[in-house]
C-alpha cells in the first residue's frame, strides 16, 4: 500500500484493551515458532502492560505501564503528536515489560487513509500477532484519533499574527508576558566591536556582555545563587578584558562562590556526574568536565555542590539503565540569583535567571573576534582549550579552539520558571532539602510579576521549555488528564517533558520568510537507514525537525513564495576529527542534508523551477585564519611533525567551534537554549536540556519587517561572521541576500582552504564544504575530500561498531 504524508497534528487517545490474556499465557507467531522451536512466553511475575503508537516504524508515543491488570488494562491517555511522516498505518503495539526489555503481545493497525478527512475516528481495533493473525480471545484495543492537516493550523505560514499570540500549546510552562531579555553573542563583547545597526523608533542595537553580567549577578546576590551545568570549573576568571576592569574581577569563580556562601548567601550547585571520571579511566573523565575536581574543591565549604547522574527512565531495562546513566548527561546551563530591583532606592529583591549554551567552565571565554593565536599570552594563556588534537597544550602553541556560543538573561515572571526548574531538580537529586524558602522572604523578594508595562516597546513575552523526566525532577502532573494538558508524555514508568522539540516544530511551522539556525549537532536519524542497520523501530523526534524545515521550504516553493533557511554548524563535532564517533556523526549529518535537499529539488523540478537549491537551504561553518604578527606568544615546544596539530599551526587556521543552540524566525521570534537538534537532546529521557522562546509583541513582522532586538541581534551576529554590514542583509528571505551571503561564504572558504594567505581572513562565515548533485545527493566539494590540515573525511563514514544511540 502506498504511503501517505501525514503533515500536521495527530490527536490520539488510547483507552483500553479487552479480553487480554497475559501472565503465563503463550503468545507466539508461526514464524517465531519456526525460528525458536518453542513458544514465546510473556514474562512471569507482575504483568506491566503498556501500549505504543507508531507511524509505520516511527515511534511517536507510549503509554505508562499498567500493573496487575493483565486482562483489561485501561490507560485513558491522550497524545498531541506533531507529525511529518509518510505512513501507511497508525500502529498500536501492546507489550508486557520485563527487566531485560519487553515481550510483544501484539499490534493493531489503523490505515492512515481513514484519518485524511479530518473526522474523529473512535473504534476498537483488532490486535494481531507478527503474522497478522488475531491473537487469542480476539483481543481489541479501543482508540480515538483525529488528524489535523498542517493547512488547518491558523498560524501556518503566517508568523506571529499579533501580540496576543499565546505561545506553544500543551507545555508545562505557559508563556509569560511582561518580561525583559538580554541576548548574548559569545561570553564577552569588547568595546571595539561596534556595529551600527538601526532598530525601529530611531534606536540602535547595543550588545550585552554575558560573563560581565553573570559576574555582577553573583557578586550582588544577597540571598541565593543556584547553578546547574554540564561542567562547572572553579579555576577561571569571568572578567578578562583589561579595558573593562571590575573591582575584584580577577577572582576565580570557585573563590567567588565560596566568598558569597561565607557571606550567608545560599549557594547550591547541580553538576553532571560524569561516570567516566574515575581512576580506572581518568580523573577528569572522557569529557574533561572537572566534576570530581569541582566537588573536591567545595567539600567542607559553605557551597553545596552535588554531582548528579543522569538517571534513566525507571521503566527501562537493566541494560538501558546502565547505558543512559553512563553516556547521557545533564546538559542544562542555568544561573538563578536574587537581584536588586531595576529602580533605585528599593530594598526589595527579585529573581533573575540566565539560560543558554555557555557552561561556567574553561574553554568558553571568547569574543566575536575568535583569535587563534593572539590571545595566547593574555586571556587564553591559562585557559587553553584544544580537544581536537592529541597532546595539545599551551606550551606547544596554537591554534586554540575558538568558541562561539549564545546565552540569555531573563527577567520577570519567566525567571521564576527557571527557578522552579532548579527546585524540581534539587528535590530529586540534591540530597538535603536546603533550598531557600522564598515564602519566608516574601517581604523581601517580590513574587512573580511583570518588569515592563504592556505598552513598553521593549517588553518581551517568554516561554520556558525543557527536555527532562522524573528521573531528574520532582512534581510533574500524575493523572493522564493533567499530563496531556501540560504536553507531557509517558515513559514506561516516568513522566517525560519534550517541550523543546515541540517549540522548534511550532516555530518552524509558523514563519513567513526565513530561518537562521545555529546548532552544534544537526541530525536527522534517517528512519529507513536505521531500520536497515538495526532492523528495529526507532524514535521519531530527531527525524521530525529537519523534515519540518524541508517541508516548510517545499510548501513555499509550491506557493510561489520566497523562503530561506540558513544553518550554521561546526566544521565537525568537537573531538579528534578522524575518530569513529566524529566520522559517524558526520555521516548522519550528510544524510540529514541529503534528505532535505532531495525534498527541495523534487519540489523545484515539479514546479518547473531551475534554481540553485542553496537559494532555499544553505549550510555554513565558522573558521578563522591569522597571519603571524610580531610580538605573538612563542611556545617553548612544538607539536609532533606530520600531525593535524602541526599542519594547523603551520597554516595558521582552525575552525571556530559552533556550540550555539539558537533559531531566529522572521526576525521576530527566537529560541535559545542548551539543546542540539538530535535525538539525545530532544528525547526528554536522555540528556536533560533547557531553552527559552521569546518575542517582542511590539516588534512583529506583520505589515513590515520586524526591527526589534531580535533583528538587531541577528544583524550583529552576521556582522561578527561576515565582517561587514550591508543593506541587503536586512532582508534574509530575499534572493539578493542569500546569494550575497553564499558568495561571501564561498570566497571565505576559498581563502581559508588555500595554500597560503597574505592577510587575516576578512570574516568567519565559511561555506560548509559540500556540493549538491542534481538529484539532491550530497557530495564532496571538488578538491575537498578531507577537512583542511586533517585526514578526516568531510562526508564522514558509517560506524560498524558505534550504535546510533551514541551518535544521534
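Using N, Cα and C of the backbone, Cβ positions are placed for all residues, glycine too.
The Ca(2+) site recorded in Swiss-Prot comprises 186, 370, 720 together with one of 158, 223, 331, 404, namely 404. Sequence-ordered, the extra residues of this chain that approach the Ca(2+) site, with Cβ no more than 8 Å from the Cβ center of 186, 370, 404, 720, are 185, 366, 367, 368, 369, 402, 403, 405, 622, 656, 721, 764. Of all the recorded positions listed here (331, 338, 370, 659, 720), 720 has the Cα closest to the Cα of residue 666 (active site). Using a Cβ-Cβ cut-off under 8 Å and counting only residues 6 or more beyond its ends in the same chain, the domain 'PLD phosphodiesterase 2' (654-681) has close neighbours at 159-160, 183, 230, 328, 331-333, 355-358, 370, 372, 388, 398-408, 465, 467, 500, 503-504, 507-508, 510-523, 525, 539, 541-542, 545-546, 568-572, 574, 621-624, 648, 687, 689-696, 699-701, 705-708, 710-711, 713-714, 732, 764, 787, 789, 805, 808.
Cβ-based neighbour count (10 Å, all protein chains) for residue 331 (active site) stands at 27. Residue 331 (active site) sits 12 Å from residue 661 (active site), taking the C-alpha atoms as the reference points. Mapped onto three states, the DSSP output places residue 720 (Ca(2+) binding site) in helix.
Reduced to three states, the DSSP call for residue 331 (active site) is coil. If you compare Cα positions, residue 370 (Ca(2+) binding site) sits closest to 659 out of the active-site residues 333, 338, 659, 661. Nearest Cα neighbour of residue 186 (Ca(2+) binding site) among the listed active-site residues (333, 659, 661): 659.
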